[in-house]
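This report refers to the structure that appears directly beneath it.
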């Protein structure tokens with residue numbers, strides 16, 4: 001039905017957007033003064049690396065984007081970035097498992113291979129995992145958003161050739177993508193749990209037929 005289709009679409013799209021937000025480098029967009037290294041005045045900071053456009057004079061006249069990877073040894077990285085790495089990866093795995101539970105339960109319903117009790121358990125497990133994964137996404141996204149609003153600095157070491165404080169910074173594309181992912185996952189989980197919690201009622205037509213046929217059965 002429509003509710004079930006909307007539920008499945010919301011869950012799958014929310015999971016896809018979560019994966020996209022993990023790979024985007026535009027979590028924080030810093031605006032800095034032009035330097036001998038950075039030509040565009042813009043630095044893109046993701047949860048895995050930091051990127052900027054290299055000065056053409058240092059790249060044989062061509063505009064190249066230089067990215068430097070974050071590692072666990074980089075103690076200068078803010079806690080919210082490391083938390084985002086762990087929680088978003090965990091949320092991605094949990095959401096994939098939740099979708100698997102939901103699809104398996106749907107398969108069991110259509111094929112009548114599962115008892116009603118077991119299919120309900122699979123649906124409820126999928127819904128709970130969806131809710132948990134949405135919160136695992138919301139925590140790092142909102143934390144990084146708060147740091148951007150407060151214009152927090154990052155103490156990049158000298159080898160990075162980057163300033164520690166921007167003139168200004170703005171929200172990158174990954175933040176709204178992550179928030180939309182949270183909304184879709186919560187919507188899908190709500191529809192999933194609501195659809196499974198509704199009591200099944202016999203239609204009036206069937207009830208009338210049963211009542212009419214009762215005397216003949218006696």
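Backbone N, Cα and C atoms are what each Cβ position is placed from, and that goes for glycine too.
Residues 87-109 are the range that TrEMBL records as transmembrane segment, among 64-86, 87-109. Looking at the stretches 121-143, 144-166, the one that TrEMBL records under the feature transmembrane segment is 121-143. Through the fold, the transmembrane segment (121-143) approaches residues 11, 14, 18, 21, 47, 80, 83-84, 87-88, 90-92, 94-95, 97-102, 104-105, 108, 114, 175, 178-179, 181-182, 185-186, 188-189, 192-193, 196 of its own chain, all at least 6 residues removed from its boundaries and within a Cβ separation under 8 Å.
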